[in-house]
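Chemist: Following this message is one structure expressed as structure tokens.
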Amino acid sequence: MRHPRAAVFLDRDGVVNEEVHYLSKVEDLALIPGTAAAIKRLNNAGVTVIVVTNQSAVARGYLSEDGLRDLHEAMIKMLADDGASVQGIYYSPYHPEGTGDYRRESLCRKPGPAMIFAAAEDFAISLPKSVLIGDRINDIRAGRAGGTHAVMVRTGHGAKETTWAEAAEADFIADDLSKAVAELFSRGILTD
């Protein structure tokens, strides 16, 4: 039997990589400075790192699920080049204004917690010991709905949404992922 462990759930766009409107090309993918080092610190502390991301670009026809997998493989390689890794990537390709089979409401789409619950089951994660870090109010709401701590970063959309994050009772707001991770260890929410 596996013992439940802590995890950090990361939104992708605006937290791990630079925000690009409907990112659909590998050549437009760029990590936010300091991201790989922050993830590596989590790796070194034995914290499971999971990406949970809404990808309405699939629902809207900007890229296919195969194209999305290509983006994720490129992101994984960029992180690995700097000695960092994520243990899983969960995504929601659905949107109520999407097309075809992707046009629908879904609990796996944040603020729904289904991606968090799926990862918790797959990786034996203790949700009360875990944290979701995001740049949008729906990330904070997903973390709360999933029973995790929740942290807002000011990268991506976060600079515009920090007052909403306070209203949603984020544990705290940090300038970026690197500072968020440092603060999580400083506060004892995560341990080395």
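Using the three backbone atoms N, Cα and C, a Cβ is placed for every residue, glycine included.
Annotated active site, nucleophile per TrEMBL: Asp11, in sequence order. Taken from TrEMBL, the feature active site, proton donor covers Asp13. Residues or ranges marked as Mg(2+) binding site by TrEMBL: Asp11, Asp13, Asp135. The Zn(2+) binding site annotation in TrEMBL covers Cys108. Taken from TrEMBL, the feature site 'Stabilizes the phosphoryl group' applies to Thr53. As annotated by TrEMBL, site 'Contributes to substrate recognition' applies to Arg109, Lys110.
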Chemist: Quick one: give me the count of other CB atoms within 10 A of the CB of Asp135 (Mg(2+) binding site).
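Modeler: Looking across every protein chain shown, the total is 28.
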Chemist: Specify all same-chain residues, apart from the site residues Asp11, Asp13, Asp135, whose Cβ lies within 8 angstroms of the center of the Cβ atoms of the Mg(2+) site, ordered by sequence.
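Modeler: Output for this site, in sequence order: Arg12, Gly14, Val15, Val16, Glu19, Thr53, Gly134, Arg136, Asp139, Thr155, Gly156, His157, Gly158.
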Chemist: What's the CA-CA gap between Thr53 (site 'Stabilizes the phosphoryl group') and the residue listed as 'active site, nucleophile' in angstrom, rounded?
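Modeler: On Cα coordinates alone, these residues lie 5 Å apart.
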Chemist: Quiz question: given the active-site residues Asp11, Asp13, which has the greatest number of C-beta atoms lying within 10 angstroms of its own C-beta?
Modeler: Asp11
Chemist: Please identify, among the recorded positions Asp11, Asp13, Asp135, the one with the smallest Cα-Cα distance to Lys110 (site 'Contributes to substrate recognition').
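Modeler: Smallest Cα separation from Lys110 (site 'Contributes to substrate recognition') among Asp11, Asp13, Asp135: Asp11.
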Chemist: Distance check, please: Cα of Arg109 (site 'Contributes to substrate recognition') against Cα of the residue listed as 'active site, nucleophile', rounded to an integer number of angstrom.
Modeler: 12
Chemist: Tell me the Cα distance separating the residue listed as 'active site, proton donor' from Asp135 (Mg(2+) binding site), rounded to the nearest angstrom.
Modeler: 8
Chemist: Mind checking which of Arg109, Lys110 has the fewest other CB atoms within 10 A of its CB? They're the recorded sites.
Modeler: Arg109
Chemist: For the residue listed as 'Zn(2+) binding site', what residues in its own chain, 6 or more apart in sequence, show a Cβ-Cβ distance under 8 Å?
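Modeler: Counting only residues 6 or more apart in sequence, the Cβ neighbours of the residue listed as 'Zn(2+) binding site' under 8 Å are Tyr90, Ser92, Tyr94, Ala114, Met115, Ala118.
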Chemist: Quick one: give me the count of other CB atoms within 10 A of the CB of Thr53 (site 'Stabilizes the phosphoryl group').
Modeler: 23
